[in-house]
Amino acid sequence: MVSKFSFFIILLVLHYLAVVCISQDFDFFYFVQQWPGSYCDSDKNSCCYPTTGKPAADFGIHGLWPNYNNSSYPQNCDPTNPFDESEISDLISNMSMNWPTLACPSSSGETFWSHEWDKHGTCSESVFDQHGYFETALGLKQQTNLLQALETAGIKPGEGTHSLENIKDAIKKATGHTPWIECNQDSSGNSQLYQVYLCLDNAGSSLIECPVFPKGGKCRSEIEFPSF
Ligand SMILES: *[C@@H]1O[C@H](CO)[C@@H](O)[C@H](O)[C@H]1NC(C)=O
Ligand SMILES: *[C@@H]1O[C@H](CO)[C@@H](O)[C@H](O)[C@H]1NC(C)=O
Ligand SMILES: *[C@@H]1O[C@H](CO)[C@@H](O)[C@H](O)[C@H]1NC(C)=O
């Protein structure tokens, strides 16, 4: 019979192992969406439409990225589980619409999705398989509906500038959570709305306030939202 004392020791060891395993995991996800108008209007990258055609004038998914509270993030966690398109064949047409690649040279999206899974997705294997990972991101795009959130607040793509605060407020009002807005610059040096970060808990189930915001990509207080 196991004595109470050794039972206690076993519990301690199990607890220690659990803590060690959890600390190797991650704390939350960034869910990042990008505005194609600003991707293509940037002074840095050129853009190429995917082989499936010009994407809709809507935010597209960039990725779902495991992150630590201390701002660093794990990457390329499991080379034994590379991107496998056959596991998500039912999602491909949805992904072509909602997760389009704008990188050059023009491609179908496979390179983009495979980069996202291999670099970031494999670090969330404790929560998601490949199908769950991509399906969750698609669901979050639908749920957050950024374009509608902005349009409801009278913020539409086109000429002119908008206050960064109004953009954040509109997204907070619609999603219930404070976004981080990343800007890039057009060739005239204007600051423009490039990417929107929201945070998801590490169970992959609900949006949360971000424990920490990314560094860099700072916006001016008045920014453009160029048409696409
Ligand atoms: C951040 O936290 C993770 C997980 O606890 C740890 O592995 C990593 O070394 C930390 N990074 C920094 C820069 O402190
Ligand atoms: C894409 O997938 C998401 C998540 O499953 C779903 O909510 C959405 O309706 C799908 N959209 C299209 C156009 O099929
Ligand atoms: C990370 O930050 C969140 C929110 O501040 C907190 O709830 C969570 O416990 C933190 N996780 C760790 C491992 O410190």
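The backbone N, Cα and C atoms fix where each Cβ goes, glycine too.
As written in TrEMBL, here are the features:
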type: ACT_SITE; residues: H62; note: active site
type: ACT_SITE; residues: E116; note: active site
type: ACT_SITE; residues: H120; note: active site
type: SIGNAL; residues: 1-23; note: signal peptide
DSSP, reduced to three states, assigns H62 (active site) to strand
Could you tell me which of these active-site residues, H62, H120, has the greatest number of Cβ atoms within 10 Å of its own Cβ?
H120
E116 (active site): tally of other CB atoms within 10 A of its CB
21
Here the Cα-Cα span from H62 (active site) to H120 (active site), rounded to a whole number of angstrom, reaches 11
